[in-house]
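Student: Relevant sequence annotations retrieved from Swiss-Prot are reproduced here:
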- 1-6: topological domain 'Cytoplasmic' (TOPO_DOM)
- 7-27: transmembrane segment (TRANSMEM)
- Cys35-Cys42: disulfide bond (DISULFID)
- Glu59: active site (ACT_SITE)
- 64-84: transmembrane segment (TRANSMEM)
- 85-92: topological domain 'Cytoplasmic' (TOPO_DOM)
- 93-113: transmembrane segment (TRANSMEM)
- 123-143: transmembrane segment (TRANSMEM)
- 144-160: topological domain 'Cytoplasmic' (TOPO_DOM)
- 161-181: transmembrane segment (TRANSMEM)
- 213-233: transmembrane segment (TRANSMEM)
- 234-240: topological domain 'Cytoplasmic' (TOPO_DOM)
- 241-261: transmembrane segment (TRANSMEM)
- 272-292: transmembrane segment (TRANSMEM)
- 293-305: topological domain 'Cytoplasmic' (TOPO_DOM)
Amino acid sequence: MKKFLKVWSVLTIICMTVVVFGGALVTKTGSADGCGNSWPLCNGQLVRLTDVTPEKLIEFMHRMTTGISSIFVIVLAICAWIYMKNRRETKPLAIIAVLFLIIQALMGMAAVVWGQNPYIMALHFGISIICYASIVLLALMIFEVDRKFDARNLVMGTKLRINIYALTIYTYLAVYTGALVRHEKASMAVPVWPFENGKFIMPDSVQDYVQYFHRVAAFILIVWLLYVTWLVFRDYRRYRVLTFSMVLSLLFIALQAVTGALSVYTGVNLYIALAHSLIITMLFALLCYLCLLASRSKSNRLRIK
């Protein structure tokens, strides 16, 4: 059973990664209306080879991979619930994974049938990364990563725990601003990075405001992440799980900044934009894992005593 769970959890992560990629691809290529206003089929029927368009194919494939991923997520949640029922985080994570998967699908359906609001569609991406993060956490528990890094002896102080919780919430909000950039079609609102002609110019449109707000949010995220990394290496260097996680998070945020800048300089190159979406999804999942470790800190302290 354990071997099956390991293989299944990896396959589920791969499936959900494809879903995240697919959602970003739908947005980047303007394929959201590729299947008309019917759901789950395309214009009320299966796609026929005689009338396939790139937009229709992308949208239909996204719906199909979402359906397949739903099966993987539900099976993983049920098996983890049964096999790891003695772990206190298992049931909440399984519920979150399935619940947010359903919400994500319903929001996608609503956007197709009743039209798309950029602010709601930006939240659609936010829902998907919560589902993704919960699946990653279940997989890490299945692979017993805690034992490999001796995380069971990890004790965090209040300052670090609060910073990790707050940073994770803030990262989610920063992700929302990035998704809003895509859905408001503001990617090239300010075509020079970080500012136009090297200096700040007052925005004069909604797209300008959205783009500037995202860049400021991203800058704050980088600074905050550097601060938390400094805290970890100053006070918690003996815990490999923390130092490794923070180094990995710095790598993710550096790649995120680079792909963000390149997105502007390349006129929103499709592959760079997709990488930009995937990297922040993985960073959010990593921060959620740190939140999981922080939530165990008190019980670890009591057990060690």
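Every residue, even glycine, has its Cβ placed from backbone N, Cα and C.
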Student: I'd like to know which of these disulfide-bonded residues, Cys35, Cys42, is least surrounded, judged by other CB atoms within 10 A.
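Tutor: Among the disulfide-bonded residues Cys35, Cys42, the sparsest Cβ neighbourhood within 10 Å belongs to Cys42.
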Student: I'd like the number of other C-beta atoms within 10 A of the C-beta of Glu59 (active site), please.
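Tutor: Around the Cβ of Glu59 (active site), 24 other Cβ atoms lie within 10 Å.
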Student: Is it the case that the transmembrane segment (272-292) and the transmembrane segment (161-181) have 3 or more CB pairs under 8 Å, with pairs at least 6 apart in sequence?
Tutor: yes
Student: For Cys42 (disulfide bond), what is the secondary structure by DSSP, using just helix, strand and coil?
Tutor: strand
Student: Does the transmembrane segment (64-84) come close to the transmembrane segment (93-113), meaning at least 3 CB pairs under 8 Å for residues 6 or more apart?
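Tutor: Checked: the transmembrane segment (93-113) vs the transmembrane segment (64-84), in contact.
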Student: Sequence-remote contacts (6 or more beyond its ends) of the topological domain 'Cytoplasmic' (1-6), Cβ cut-off under 8 Å?
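Tutor: Long-range Cβ neighbours of the topological domain 'Cytoplasmic' (1-6): 76, 79-80, 83, 142-143.
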Student: What is the three-state DSSP composition of the topological domain 'Cytoplasmic' (1-6), stated as helix, strand and coil residue counts?
Tutor: 5 helix, 0 strand, 1 coil
